[in-house]
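Structure first, then comments.
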Amino acid sequence: MIRGEEEAERLRAGRAPGHDEGEGLYDAMSGMNGQSPAVRQPPRSGKRAKAARRANSRRRQEAKRLAEEARDRPPAAPSVTPGPAESGRATEPAGAAPVPPGPGQESAPEPVSLADRLEIDEPILAARVHRPGDLIRSLFGLLGIALVLLTATFAVGTTEGIETDINNSADGAPPLLISFAGFASSVAVLIVPVAFAVERLIKRDGLRIADGVLAAVLAHGVSLSFSLWVARVAPESVQNALTRDAPSGVGLTDPVHGYLAPVIAYATAVGMTHRPRWRLIMIAVLVLDAVSVLVAGYTTLFSILVTVLIGWTIAYGTLYAVGTPNVRPTGQQLLAGLRNVGFRPVSALRTEEPPGSEAAESGDSEAGQLTRRYLVTLETGPPLDITVVDRAQQAQGFFYRAWRRLTVRGITQRRSLPSLRQALEQEALLAYAAIAAGAHAPKLIATSELGPDAVMLVYEHIGGRSLESVPADEITDDLMAASWQQVVALQSRRIAHRRLDGHSLLVDRAGQVYLTNLRGGEIAAGDIPLRMDVAQLLTTFGLRVGAERAVASAVAVLGPDAVADSLPMLQPIAMSRTTRTTLRQLGKERAARERQAVLDAVRAYREARGTLPEDADRKTVKAAKQAEKQVMEQALEDSKEPDLLSLIRQQVLRVRPEAAIEPARMERVRPRTLVSFIAAAFAGYFLITQLAELKIDQVIDNANWWWVIAAACFSALTYFSAAVSLLGFVPEKVPYLRTVVAQVAGSFVKLVAPAAIGGVALNTRYLQRQGLRPGHAVASVGASQLFGLGSHITLLLTFGYLTGTEHTPNLSPSRTVIAGLLTVAVLALIVAAVPALRKTISERVQSLFAGVVPRMLDVVQEPKKLLSGIGGMLLMTMAFVLCLDASLQAFGVEMSYPTVAVVFLAGNALGSAAPTPGGIGAVELALTGALAAFGAPTNPALAAVLLFRLMTFWLPVLPGWLAFTHLTRKEAL
């Protein structure tokens, strides 16, 4: 809390604080027993530190109380001074000469500057901060290096043409001029950083110099490592792009300049780029040095680019790792900025950023970075709300905002990392536009810069509570109608708020609603953002008062058509982050209630049934279990609760039955699609490079076609065995031949979905169409997958053991088995050590056993079914192994059956885990690598893998499409 001029008048009047009727208030505000603010001691550890924290808490509470009083009290005119009865003390006219002390009186203390005695109640700023912007720039540097290397790899002709043009241009340059420029730049590139370091040391800024030296050392080490990688490991195209024949004729030039990269890292880390004079000098020196060594033939253009990017990347990575000196504006700088724009502040209290604001939406939880709002009281007039925006805040949540704009439709493609000026103009524009549209919003009074790294926005203070803090029983229909009126005002001018949750609606004491957090809004918005606002506010009110009242209030103000148009946007991805979190938490609570209801129903049934006699026959036990299962299913059906969004849709459909309720496609790119694209690109690059070295005509001529036919037969056998395996876990009667057709249709589904997902979804849908309940269908497929996983691991360990011992007389464990066991053990320890992973795995296992185990009990009661399921699974695995073995035999590669089994099982596991459709690329890469590891020649092994994939993946696509179309027409899928 800042002590204002009231204390200054007391000091001038010769009265010590605490000697009048304001003593209690002064002590509460100062936290000291009559001590002067100038001699206040910092808190120490132990009991004194706790006492200091309690005093700070009391001062904050008192500051809030004073702010409330200042808001409720009507502002006095600037020319009116409160009288003695109002202020509790005598006043002296402005400009009166000071009264000399009388006889026997002590002289009044000397006037003290107000700025020297004011204090601000705010958290202590950290000496160093880890700025997200540094991390973002470092990642962009890495991306730039990757792009340069990719260009050098694929655009070989372009790189050679650029090098030729540079050589032709350099031939006409005078040698003396080149030598002089090279000597001058080499000297200057070392002198300029030293001169800057001396200047910083004179100004006692040694920490920045230390950061620069650390960055330079790291850049030098990375440069040496990169040069070693280029010389020994990198492809020939990269070597040709980054090196050339040395002018001396001996050896090659360096891929990275060992002295230039550290200089760039040093200059960036010490902040030379933020000082215009030094920046201009440093850029000129670096450009001159780069041009001189390029023209002299000591480097290439791509080498210079990589050198600059390495220095830039290492510098910002170092700054993010060790932190940068905190240059955020302090409270005193804030008050100085307010005085510069004409205000006379007397107190300031730092407040917390609302959880629903843009800063909180960014997901950055670093302490002190989301609390940049101040409540400032003035000498006269109501208090002010100050929002401070600095560069560190601008970088918060960059990746989240960029991902949202990339993946969600309807979001304007603004820059995800705007400048301070752009952020200031954006927020000011939205504030003025909202008020001009007739909406109630805090009035923006002034804006100003707070140095080069921060700006502030001054708003009038609106006293009240956020809608989130208003109790549900106080949210009346009038309050909701007032909120919807603000939405009508915004949408009448095509303004989208984009964050209409409970933290963005402020309710004052009169019940008037104000819109806050307009920073993320949008002017001239399209239909999608406007409809998203309606859907968001519907959900916000639905969470507080229920779907019925929320929809009724919206229809009463907007009309049924506008509310019905928002239904396609009523989906979690269109909501704010806080709303999505709340909906997710409600979903977990709803699922927990459903599970508890099932457990209670089963417990009540068992208590009513009593204990079965020990000599009960098998038929009686089976009937009891069947009855218990029916009780569980009925309890599950009765306890199901619709989610909030479904309830809102139902209420809107009652008003407008013809409204479209199908959710709109809000995602531009799904994460799974993006990962699949990247994996497919990598796999495609691998296959293309391998096929480029493969002489297909010779491979085809040397192939044994009888083994090719055998591979096709073994591939066809897998579909019959897969049908046997699936039906083995389905107690109900399902046609076998139709199930075989469904497995063939699965080969078409795998083309557009990952291998581990497409088959599961198709089998579940197929069983439901055959009359099984959804729960039974999911449980049957889950049981089949569970047994398949167990058999896969067992077979992999067994054949791995046999592969390691087939050439040894004793049964010593193979390295594969030992490595596999150690890997499983390490993964288990990691899962057990990380609470989030442990919780996720335990929830998945519990849900698995909740659905699969009861189904397995039904299957176990029919041993023939269980044996057919396990036998079909083993037969399917054996058929795939024989198909791969036949493919190898077709190209003259002979390997033992256990080795082929290990190769297939490992490759199939990786293919199932890969996000690409059908494991494209991942399976080929895994199988080829495994065969090469076991000694198979590269070209025949690659040809055998391609034949195997042709038989098991590509050729069945057309029959699979025909089967899928047939089953769809018959409504079996």
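Keep in mind that glycine also has a Cβ here, set from the backbone N, Cα and C atoms.
TrEMBL annotations: computationally assigned, not manually curated.
Worth saying up front: this structure is predicted, and the values here are computed from it rather than measured.
Straight from TrEMBL, the features:
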type: REGION; residues: 1-111; note: region 'Disordered'
type: COMPBIAS; residues: 9-22; note: compositional bias 'Basic and acidic residues'
type: COMPBIAS; residues: 45-58; note: compositional bias 'Basic residues'
type: COMPBIAS; residues: 59-74; note: compositional bias 'Basic and acidic residues'
type: TRANSMEM; residues: 135-156; note: transmembrane segment
type: TRANSMEM; residues: 176-197; note: transmembrane segment
type: TRANSMEM; residues: 209-231; note: transmembrane segment
type: TRANSMEM; residues: 256-273; note: transmembrane segment
type: TRANSMEM; residues: 280-298; note: transmembrane segment
type: TRANSMEM; residues: 304-323; note: transmembrane segment
type: TRANSMEM; residues: 674-692; note: transmembrane segment
type: TRANSMEM; residues: 704-728; note: transmembrane segment
type: TRANSMEM; residues: 740-762; note: transmembrane segment
type: TRANSMEM; residues: 816-837; note: transmembrane segment
type: TRANSMEM; residues: 900-921; note: transmembrane segment
type: TRANSMEM; residues: 941-964; note: transmembrane segment
Same-chain residues near the transmembrane segment (209-231), Cβ under 8 Å, at least 6 residues beyond its ends: 193, 197, 200-201, 238-239, 242-243, 254-258, 261-270, 306-307, 310-311, 314-315, 317-319, 322, 324
Per Cβ pairs under 8 Å, the stretch of 256-273, 280-298, 304-323, 704-728, 941-964 packing most closely against the transmembrane segment (135-156): 304-323
Stretch in 280-298, 304-323, 704-728, 941-964 most in contact with the transmembrane segment (256-273), if contact is a CB pair under 8 A: 304-323
Among the ranges 280-298, 304-323, 941-964, the one whose Cβ pairs under 8 Å to the transmembrane segment (704-728) are most numerous: 941-964
Distal contacts, the transmembrane segment (304-323) - CB-CB under 8 A, six or more residues away: 128-131, 134-135, 137-138, 141-142, 144-145, 148-149, 211, 214-215, 218-219, 222-223, 226, 242, 255-257, 260-269, 290, 293-294
Non-local residues, at least 6 beyond the ends, that sit with Cβ under 8 Å of the transmembrane segment (941-964): 690-691, 694, 699, 703, 708, 711-712, 714-715, 718-719, 741-742, 744-751, 880, 883-884, 887-888, 890-891, 893, 918, 923-924, 927-928, 931-932, 973
